[in-house]
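**Q** To start, I am sharing the structure in question, which I have written as structure tokens.
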Amino acid sequence: MAAEMEATETGGLAGEMEVEAYRRLFPLAFLERHLRESVRPDARRTDEARPITVALGAVSSAHGSALVRLGDTAMLASIKLEVMSPSYEAPDEGSVGLFAVDFPCICVAPFQVIWLIYSCVAWYSAAVEFHMPPICSPVVRPGRPAEVAPVISKTLEDILMSSGMLNLKELCLISGKASWLAYLDVYCLNADGSLFDAALISAVAAFTHLEIPLVSVGDDGRVFTVGGNEGKIKYEVVNREKRKITVTNIPFSLTCALHKDNILADPTAEEESIIETSMTVVLDSSDQIVSIQKFGGAVTSMATIKDCISLAKDRRKKLRGILSVEAMEVDSHSSDSVN
Amino acid sequence: MSAAATTGTYSPAASAGEKRRERKEELRRHLAEDADWPRADGRSFHDCRPAFMQTGPTTAASGSAYAEFGKTKVIVSVFGPRESKKTMMYSDTGRLNCNVSYTTFATPIRGQGTDNKEYSAMLHKALEGAVMLHTFPKTTVDVFALVLESGGSDLPIIISCASLALADAGIMMYDLVTSVSVSCFGKNIIIDPTSDEEAWQDGSLMVAYMPARKEITQLTLTGEWSDGKITNAVELCMDACTKLCDILRERLKDASSLAE
Amino acid sequence: MVGLSEGEKHFIRGGIAQDLRADGRRRLQFRAMSVETGVIPQANGSARVRLGSTEVIASVKAELGKPSILHPDKGKVSIFVDCSPTAAPMFEGRGSEDLSAELSVALQRCLLGGKSGAGAAIDLSSLIVVDGKVCWDLYIDGLVVSSDGNLLDALAAAIKVALSDTGIPRVNVSLSAATDEEPEVDVSDDEFLQFDTSSVPVIVTLTKVGKHYIVDATSEEESQMSSAVSVSVNRHRQICGLTKRGGAGLDASVIFDMISVAKHVSQQFMSVLDSDIAAAEEAE
Amino acid sequence: MEYVNPLTGFRVDGRRPNEMRQLKGEVGVVARADGSAMFEMGNTRVIAAVYGPREVQIKGQQVSSEEALVRCEYRMADFSTGDRRRKPKGDRRSTEISLVIRQTMEASILTHLMPRSQIDIFVQVLQADGGTRAACINAATLALADAGIPMRDIVTSCSAGYLCSTPLLDLNYIEDSAGGPDVTVGILAKMDKVTLLQMDAKLPMDTFETVMELAIEGCKAIAKYIREVLLENTKRLECQRCLRPDFVSGHFLQQTYMYRAIFVEIKAYKAAFGSED
């Protein structure tokens with residue numbers, strides 16, 4: 001690599017070669033030339049993150065859903081509510097996403113076996129599912145899930161639980177008898193870097209948009225939805241007032257790629273493929289650190305870690321407007337009755 | 001932690017089943033008998049749902065398209081000619097690899113989100129006739145479709161959206177493929193059925209058509225049809241496909257004008 | 001699957017163009033067909049059909065089950081096809097899954113009719129025992145033992161023969177007081193009720209090679225096919241299902257022409273099949 | 001449930017303890033296979049097809065340069081057993097039986113005569129009424145013979161059991177699932193050598209010997225029957241080959257008709273060749 005670096009230094013090789021070919025052939029050199037002028041290939045400053053747009057109620061067949069675009073990365077989160085009998089220890093608490101994995105085909109590729117064992121452990125504790133369908137990136141092939149998907153599912157689930165954002169007591173219907181179970185599925189529609197940040201924002205937005213359907217209990221003990229506008233209601237509506245769940249101290253995350261003492265906030269897929277080390281800082285609404293994740297890669301000094309945390313802090317300030325505003329704004333067509 | 005909590009989940013809509021069935025029964029009877037009974041969403045029998053199509057939702061793919069017909073939402077991304085799987089044997093013409101999968105929340109009852117083998121095979125047959133396979137020998141073009149929401153006549157919309165994505169990816173094709181399906185209720189034929197109408201149809205017919213070359217690449221039909229009914233159903237589908245194809249062409253024109 | 005040299009390909013195409021195929025048949029002529037019923041004693045109905053050297057076995061098994069909530073007054077029928085590796089080495093392991101899935105889907109499309117049950121080969125409401133509670137679930141299984149082309153027609157014929165050979169045991173239900181728990185059902189194994197399989201359609205596949213289309217193609221001829229249309233026609237000359245296979249596009253008029261030819265040929269094929277069924281019934 | 005009627009000594013299906021079920025063998029049932037056969041023991045019916053010796057397909061396995069690679073796949077049809085469960089492919093039982101059949105047949109095939117080649121044996125069970133393993137081995141032997149693959153000797157197999165203190169030959173499904181011992185023996189008929197012996201129950205030594213003797217008797221009877229089937233098949237092939245006028249089959253007539261047609265065609269071809277696409 002070093003030899004070819006000198007060649008580009010003198011501008012011999014890069015001069016005539018077309019930029020696109022150069023970008024493909026020598027990606028690291030291409031990036032480093034940009035970083036020397038502290039600018040990035042997509043014309044952002046090193047500490048600048050991509051714009052975020054949030055649209056609520058993207059899926060009409062779900063109780064709560066949100067489509068989030070972080071630059072080009074697009075995430076679609078959807079929550080479906082189902083009724084379950086609460087566990088013995090926590091009679092008055094619902095839970096999020098008890099995900100039962102049943103694998104249709106018996107002979108599984110070795111990787112899927114690990115995923116099967118891993119998911120059995122998560123089976124009984126609340127687990128959230130992060131899907132990477134084959135449409136989102138050239139790396140993913142149908143039939144074999146991407147390696148990074150279970151990792152993101154696990155971290156997403158830990159943070160949603162540990163940040164105390166949700167008060168599971170609000171998911172209870174009749175204490176000890178029936179409570180809500182929220183299946184949270186996050187689909188990555190376009191994978192262009194910092195998937196975890198976009199996934200977390202979309203999950204949070206979906207929960208703010210969540211609307212619990214009006215239900216009442218039938219005589220056989222089974223809960224059923226009431227049409228909402230039906231005149232005669234045989235059975236009294238159980239949860240007339242508990243329709244929206246309160247979302248407190250919203251967690252927010254920022255991923256930074258670390259490359260030789262410069263920090264790239266919110267890397268794109270191309271940058272992520274070049275730079276191995278990256279660090280994710282998760283803060284909650286009162287700027288306390290919820291979690292810091294750094295999976296191996298090059299060693300970094302404490303100073304860099306502090307810089308990342310401060311970067312995350314001011315990024316959260318800028319975005320507080322978006323996260324709280326959309327919490328109030330209920331999208332118009334999400335209120336039609338969901339059967 | 002007791003395990004009882006997990007197995008007993010059910011979606012609470014069970015009670016409405018009884019009433020919903022009578023309403024469906026009544027809908028079917030009306031559609032079968034009188035000719036001018038308006039459909040649930042106010043369309044006449046020969047009206048398609050408003051088609052919203054757009055290219056390029058996924059930048060990671062070499063070509064992609066998003067289609068929304070009423071409640072049916074589909075994303076297709078095409079990964080340009082790339083080397084095929086190790087297990088594949090040598091072939092001097094290109095290969096098309098299609099895969100259709102549903103999200104867990106696509107259907108009202110929570111599905112598994114598994115791949116739909118039948119639709120993948122049908123998508124492959126519909127597109128095979130239109131793609132110039134000999135222009136990318138020894139390689140494979142991957143066409144992956146994800147149904148975000150299933151609102152009725154999913155396969156035709158997947159086929160039209162896939163051919164738009166292929167065009168967006170710059171894959172050589174003889175012609176764009178558009179596809180429309182009709183449902184038959186008694187002697188009436190309704191076009192572009194929604195999932196409620198599809199659940200109660202007496203028969204259905206789907207045509208995948210290349211308007212410029214006037215060739216049908218895929219035709220499937222179920223239920224009882226007489227000869228005459230087939231001919232005018234296929235004619236109905238073909239001119240609906242031609243109109244849909246003009247919409248596709250406009251999308252490609254604005255996409256390219258946007259690109260400059 | 002079939003290795004053919006250029007010379008052989010020309011020979012086949014030239015033959016079809018002159019209405020004289022490799023094995024001496026005309027374009028719209030079927031191969032010799034032999035039908036046998038009751039090949040699987042444990043099944044409620046079974047049949048083996050040999051069309052030239054293509055051999056398939058179909059078995060119908062009936063089990064008691066619960067009707068679906070959407071159609072409480074109808075029984076359920078499911079069709080599965082399996083290609084045995086004895087037919088071709090490439091069907092070994094999971095190799096036969098796509099072909100089996102394709103054949104099962106094509107058969108379901110042609111035999112089960114629309115979702116509301118109209119145009120179904122078997123009258124589903126005759127399968128009901130107790131409305132909403134107990135009904136018969138028919139499992140139709142096809143097995144391809146030896147494959148020499150035209151599997152779909154052979155399977156459809158085998159299913160039609162198996163259904164005519166099927167006997168569903170008469171069931172008397174002792175209506176217990178409580179409505180929702182399962183009523184006891186005892187199955188008498190002497191008298192059986194037969195199906196009337198007159199309305200079960202027959203599938204005719206027209207394979208287009210060059211400019212002409214042929215019926216009942218062998219696997220060599222199928223390897224030369226540009227496209228194929230499988231039409232299922234029942235006794236009242238109604239079309240109960242249609243699948244276009246193969247890649248190349250077809251002009252609409254060609255398809256209508258193929259449908260009319262298929263209707264004409266299917267009547268003749270159905271009469272041959274009915275006489276074979278009658279013969280097989282006595283032979284059993 | 002008494003499996004042997006104490007008074008008459010007959011079994012559930014009316015057979016005597018040392019009586020075999022009705023055998024039926026047929027050769028050449030699958031046209032495209034190099035060799036194929038169907039074998040019936042009572043209600044158990046199995047079809048075997050042999051493809052090979054042919055070029056090795058799977059690049060993964062290292063190809064031993066001095067002997068043929070024998071591969072086998074055992075598969076049960078969905079309707080073969082009483083209850084209709086769709087068994088997923090490659091479950092443990094069929095993998096085990098595939099291995100058993102492969103090793104049993106490998107013992108008798110002269111693999112060193114066909115180096116760097118592969119022989120595929122596919123066995124499809126149409127109807128399973130006990131003793132499927134034995135029927136598969138007999139069918140495989142017939143199919144290998146039909147494929148003309150050199151073998152030391154024909155391998156035959158039979159099962160035997162021990163219920164109500166009487167040794168029973170060739171168990172059917174009811175006797176097999178009665179929980180008693182089940183001995184499956186596979187022998188090389190002429191050389192009187194045992195290639196397969198499977199027994200899974202506690203049995204005193206002497207009863208084991210009597211049951212095994214009974215099974216070997218069974219195998220010998222099957223070997224005699226198989227030899228008859230092969231002899232009759234060879235006769236049929238022989239007369240088809242020597243084309244005696246009174247026995248010319250319709251198939252042959254079509255062949256001559258076709259050759260004559262070709263001469264006519266060649267002239268037409270030259271003219272038409274240009275127009276043909």
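Note: Cβ is positioned from N, Cα and C throughout, glycine not excepted.
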**Q** Between B:1-39, B:79-117, which stretch does TrEMBL give the note region 'Disordered'?
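**A** The listed stretch tagged region 'Disordered' in TrEMBL is B:1-39.
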**Q** Is it possible to list how many residues within the domain 'Exoribonuclease phosphorolytic' (B:175-236) are helical, extended or coil according to DSSP?
**A** 15 helix, 31 strand, 16 coil
**Q** Looking only at the domain 'Exoribonuclease phosphorolytic' (B:175-236), what is the mean pLDDT?
**A** 88
**Q** Per DSSP, how many helix, strand and coil residues does the domain 'Exoribonuclease phosphorolytic' (B:48-171) have?
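**A** For the domain 'Exoribonuclease phosphorolytic' (B:48-171), the helix, strand and coil counts are 31 helix, 45 strand, 48 coil.
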